[in-house]
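Enquirer: Here it is: the structure, laid out below.
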C-alpha cells in the first residue's frame with residue numbers, strides 16, 4: 001500500500017477551510033431577519049407535511065420543491081425553528097468552500113485552489129446567503145461539484161476513471177438543476193466548450209464523457225419530470241409566460257424598481273442594454289465587496305475599486321485564453337459568459353450573480369498566483385512586473401477587506417428586512433407609550449408576504465396581527481390597488497409601507513385617501529436599499545369587546561370547533577380544524593373568518609376564508625394545522641367571524657371563539 005504524500009496536506013487544508021467557513025456562517029444565523037423568499041420555501045415545506053408527502057400541482061407550479069422536501073424532513077426530525085432550518089444552508093455553504101479548493105487545485109495548482117477557497121470563505125455575500133433558507137448556497141454546492149467532476153472527466157485520459165467522473169458530474173448537474181432551474185445554463189456551457197476547444201468538430205458532440213454526463217443529469221432529473229406529468233404542474237407558465245406576457249404597466253413598474261436598485265419582477269430583456277450593463281457592473285462590484293459600507297470611507301473606496309479593477313483585468317486576461325482556445329481558460333470563460341447571457345432571460349435579481357463565484361474566484365486566483373510566481377522569478381519586462389505588482393496589491397486589499405467584513409458579519413449583517421424590524425420595534429414603543437390597549441392590527445401592501453412581517457412581530461413579542469391592504473387590480477394593466485373596503489372593515493392601527501411600494505403602487509388619490517385617516521410617524525433608515533414608512537391611525541378606537549358581540553347575525557359552533565382541536569399534538573402531524581358558521585340574520589349576508597395562533601409554533605394553511613350564506617344556512621370550513629415546534633402550556637387557537645352590512649358597506653366582528661393546545665411533542 002503506497003502513501004500519497006499529497007493526501008495529508010490536502011486533508012488538513014480541507015478540514016481547516018470547512019471549519020473556518022462553518023464558524024463564520026453559523027455565528028451569524030440568528031442575527032439575519034427573515035428574507036422575502038424564506039417564508040415561501042418554509043411554507044412549501046409545511047404544505048408538503050400537510051399533504052402527507054403526496055405531490056400536488058401547487059408544489060410544482062413555480063420553484064422546484066426539492067429543497068422544501070429537505071426542509072420538511074428536517075422539521076420532522078429537529079422541529080421547525082427557523083434557525084435550525086437555516087443550518088442546511090450553513091452546511092452546504094461551508095462544504096462549497098473546500099470543494100472550490102479541490103476544483104481550483106484540479107484546474108491549476110494547490111495555491112490557486114487555496115486562494116479561490118479563501119475568497120469564497122471570506123465572501124460576506126456568500127456568508128449572507130449561507131445564513132438564510134434560500135436556494136443559493138444549496139444549489140451553488142452542486143454547481144461547484146459539477147464543474148469539479150466534469151473537469152476531472154475531461155482531464156483524465158484513463159477511460160474507466162474519466163467515465164466514473166462523468167457519471168458523478170451528470171448526477172451533480174441533475175441535482176443542481178433540480179434544486180433551482182437556473183443552473184440549466186451548464187448544459188449549453190459544456191456543449192459550447194466541447195465544440196469550441198475542438199474547433200466545432202462533429203466528434204465533439206459525440207464525446208462519450210459529454211453524452212454520459214448529460215444522460216445521468218437527465219436520469220437524476222427524471223423524478224421531477226414524472227411529478228410534472230402526474231400532478232399537471234407546469235413551471236413554464238410561471239417562468240416564461242407569466243414573466244414575458246406582462247402588461248405595459250407591470251413592465252414599467254418592474255423597470256422603475258430595477259432602476260431604483262430595489263429589485264424587479266421583470267426579465268432583464270425588458271430593460272435597456274445600457275441600464276443592464278451599468279447596473280450589472282455596479283451589482284457585481286457590490287456583491288464582491290459586500291459589507292464595504294461598514295468600513296471607513298477611504299477603505300471602502302479601496303475595497304470597491306480593487307473589486308472592480310480585478311474583475312475587469314481578470315475578464316480581459318482570460319478572454320485571451322478563450323480566443324486562443326486554451327482548454328482551462330476557455331472552460332472557465334465559457335461558464336462565466338453563458339451564465340451572464342442566461343441571466344438576460346431571468347428576473348433581474350442581484351443574488352443570481354453569485355453563481356459566477358466558483359468560476360470567477362478560480363480565474364482571479366490563478367491570475368494572482370501566476371503574477372506572483374513570475375514576479376518572484378523576475379521573468380518578463382519591467383512594465384509587466386509593475387502591472388503584476390499592481391494585481392498582487394489589489395488582490396491583497398480585496399482579500400484582507402473580505403476577511404474583515406466576513407469575520408465581523410455576524411455583528412452587522414441583519415438582512416434586507418431590517419426596515420421591517422425597525423418599524424415593528426418603533427410600533428412596540430409607540431404602543432407602550434400612547435398606543436391602543438389590546439390587540440394591534442398592522443396593515444401592509446405586499447400580497448402574500450404577511451408572514452415575513454409576522455416573524456418580526458413574533459420575535460419582538462408584540463401583541464399584533466397583520467393584514468394585507470391591497471387587492472388585485474380590476475383595470476387592464478393594473479397590478480394591485482388599495483383595498484379601502486378592507487381597511488374600513490379591520491381598521492388597522494398602523495400601516496407599514498416600504499418606500500418602493502409607496503412610490504410605485506400608491507396613486508396620488510390613494511395617498512390623499514390614506515392621509516385622511518393616517519399620519520406618518522416613522523421613516524426607517526438602514527444601510528440597505530430598502531426602507532419604509534410607518535403610518536398611525538389618527539383616531540384610535542378601543543378594541544371591540546367580546547361581550548358586545550351578540551351573535552345575532554352570525555355564529556360559530558364552538559362545540560364543533562373545540563372538538564376538532566386536540567389538546568395534545570405532535571410536531572409534523574397534520575390536524576384539521578372545523579369551523580361551522582351559521583347565518584342567524586334575516587337576510588343573505590357575506591361572512592369572513594380568520595383563524596390564527598402563534599404562527600411559528602403552529603402553522604395553518606389559508607388562515608382567511610369568506611363565504612356568502614342565505615338566511616338560516618350553515619357552512620363548515622376546514623383548516624389544516626401543522627405543529628412545527630415543541631410546546632408545553634396553554635397555546636390558543638382563535639377564530640374570528642366578521643359579517644358585512646350592505647347598508648353602509650362595513651364589516652363587524654360578530655363572534656369569536658378559542659380553544660387551547662396544551663402539549664406539542666416530537
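Quick reminder: no glycine exception, Cβ is built from N, Cα and C everywhere.
What TrEMBL says about a protein is an automatic prediction, not a curated fact.
Note that the coordinates shown come from a computational prediction; the quantities given were computed from them, not determined experimentally.
So TrEMBL lists the following for this protein:
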- 64-226: domain 'Glycosyltransferase RgtA/B/C/D-like' (DOMAIN)
- 85-104: transmembrane segment (TRANSMEM)
- 135-153: transmembrane segment (TRANSMEM)
- 165-190: transmembrane segment (TRANSMEM)
- 210-229: transmembrane segment (TRANSMEM)
- 302-323: transmembrane segment (TRANSMEM)
- 330-346: transmembrane segment (TRANSMEM)
- 352-369: transmembrane segment (TRANSMEM)
- 389-412: transmembrane segment (TRANSMEM)
Enquirer: Are there residues at least 6 beyond the ends of the transmembrane segment (352-369) whose Cβ is under 8 Å from a Cβ of it, and what are they?
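Expert: Sequence-remote neighbours of the transmembrane segment (352-369) are 96, 100, 103-104, 107-109, 111-113, 115-116, 119-120, 123, 125-126, 129, 136, 139-140, 143-144, 147, 182-183, 280, 283-284, 287, 310-311, 313-314, 317-318, 332-333, 335-336, 339-340, 343, 346, 391-392, 395.
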Enquirer: Most CB pairs under 8 Å with the transmembrane segment (165-190): which of 135-153, 210-229, 302-323, 330-346, 389-412?
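Expert: Between the stretches 135-153, 210-229, 302-323, 330-346, 389-412, 135-153 has the largest tally.
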Enquirer: Against which stretches of its own chain does the transmembrane segment (302-323) lie, if we need a Cβ under 8 Å and a gap of at least six residues from its ends?
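Expert: Same-chain contacts beyond the ends: 281, 284-285, 288-289, 292, 295, 329-330, 332-334, 336, 360, 363-364, 367, 391, 394-395, 397-398, 401.
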Enquirer: Where else in the chain does the transmembrane segment (330-346) make close Cβ contacts, counting only residues six or more beyond its ends and a cut-off under 8 Å?
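Expert: 107, 147, 151, 154, 182, 184-186, 188-189, 192-193, 196-197, 267-269, 276, 280, 315, 318-319, 321-322, 352-353, 355-356, 359-360, 362-363.
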Enquirer: Same-chain Cβ contacts of the transmembrane segment (389-412) under 8 Å, 6 or more residues past its ends?
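Expert: Hits for the transmembrane segment (389-412): 24, 27-28, 31, 115, 118-119, 121-124, 127-128, 288-292, 294-295, 299, 302-303, 306-307, 309-310, 313, 364, 367-368, 371-372, 375.
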Enquirer: Give, as a single whole number between 0 and 100, the mean pLDDT over the domain 'Glycosyltransferase RgtA/B/C/D-like' (64-226).
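Expert: The predicted confidence over the domain 'Glycosyltransferase RgtA/B/C/D-like' (64-226), as a mean pLDDT, is 92.
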